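A.B. asks: First the structure, then my questions, so here it is.
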């Protein structure tokens, strides 16, 4: 019985963790999904953003008590403006998706929503982590030796 409980807890922890991309695997995936150069943002900048927002983790979430919103997924897309989590007050849902779609191992919907975010006037500057860690920095290390 204890062995089954331990196995169940182990499987639960693996499920909650989600997919943590290897750096070059993510770079290739983002390129394949059309983010390289989208709205003038280099692939290296997208990689830097994903590193600092989620550490390449598809299941990353971060609650923001001030706005009572949550950031979701590999790009930490916010429920106040971009997705619907059913609990954020006055949510806009500009990407027209449930926030749970941003937590999937298949990041196709997360990339589509990130494209929507970066298409707004703030562009890539909409992400605080990008402004803090990537803006005006040499971000080439995030794609180095990835063949992209």
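Cβ atoms are placed via backbone N, Cα and C, with glycine included.
According to Swiss-Prot, the signal peptide annotation covers 1-18, on the basis of similarity to another entry. Under the heading domain 'C-type lysozyme', Swiss-Prot lists 19-148. Residues or ranges marked as disulfide bond by Swiss-Prot: 24-146, 48-134, 83-99, 95-113. Annotated active site per Swiss-Prot: 53, 71, in sequence order.
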A.B. asks: Going by C-alpha positions, which of the recorded positions (24, 48, 53, 71) is nearest residue 83 (disulfide bond)?
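C.D. replies: Ranked by Cα distance from residue 83 (disulfide bond), first place goes to 71.
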A.B. asks: Looking only at Cβ atoms, how many others are within 10 Å of the one on residue 48 (disulfide bond)?
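C.D. replies: Summing over all protein chains shown, residue 48 (disulfide bond) has 25 other Cβ atoms within 10 Å.
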A.B. asks: How many whole Å apart are the CA atoms of residue 95 (disulfide bond) and residue 71 (active site)?
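C.D. replies: Between the alpha carbons of residue 95 (disulfide bond) and residue 71 (active site) there are 14 Å.
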A.B. asks: List the Cα distance (Å, whole number) between residue 71 (active site) and residue 99 (disulfide bond).
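C.D. replies: About 9 Å separates the two Cα atoms.
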A.B. asks: Give me the long-range Cβ neighbours of residue 53 (active site): same chain, 6+ apart, Cβ under 8 Å, in sequence order.
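C.D. replies: Long-range Cβ contacts: 60, 71, 74, 75, 76, 127, 129, 130.
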A.B. asks: Within its own chain, what residues at least 6 apart in sequence put their Cβ under 8 Å from the Cβ of residue 146 (disulfide bond), listed in sequence order?
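C.D. replies: In sequence order, 23, 24, 27, 28 meet the Cβ cut-off.
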A.B. asks: Between residue 48 (disulfide bond) and residue 99 (disulfide bond), what is the CA-CA distance rounded to a whole number of Å?
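C.D. replies: Rounded to the nearest whole number, the Cα-Cα distance is 22 Å.
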A.B. asks: What is the separation, in Å, between the Cα atoms of residue 113 (disulfide bond) and residue 99 (disulfide bond)?
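C.D. replies: Answer for this pair: 10 Å between alpha carbons.
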A.B. asks: Rank the disulfide-bonded residues 99, 113, 134 by how many other Cβ atoms lie within 10 Å of each Cβ and give me the one with the fewest.
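C.D. replies: Lowest Cβ count within 10 Å among the disulfide-bonded residues (99, 113, 134) is 134.
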A.B. asks: Give the residue from the disulfide-bonded residues 24, 83, 95 that has the most other Cβ atoms within 10 Å of its Cβ, counting over every protein chain displayed.
C.D. replies: 83
A.B. asks: Give the distance between the Cα atoms of residue 99 (disulfide bond) and residue 134 (disulfide bond), rounded to the nearest whole Å.
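C.D. replies: The Cα atom of residue 99 (disulfide bond) is 25 Å away from the Cα atom of residue 134 (disulfide bond).
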A.B. asks: Please list, for the domain 'C-type lysozyme' (19-148), how many residues fall into helix, strand and coil according to DSSP.
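C.D. replies: Across the domain 'C-type lysozyme' (19-148), the residues distribute as 54 helix, 14 strand, 62 coil.
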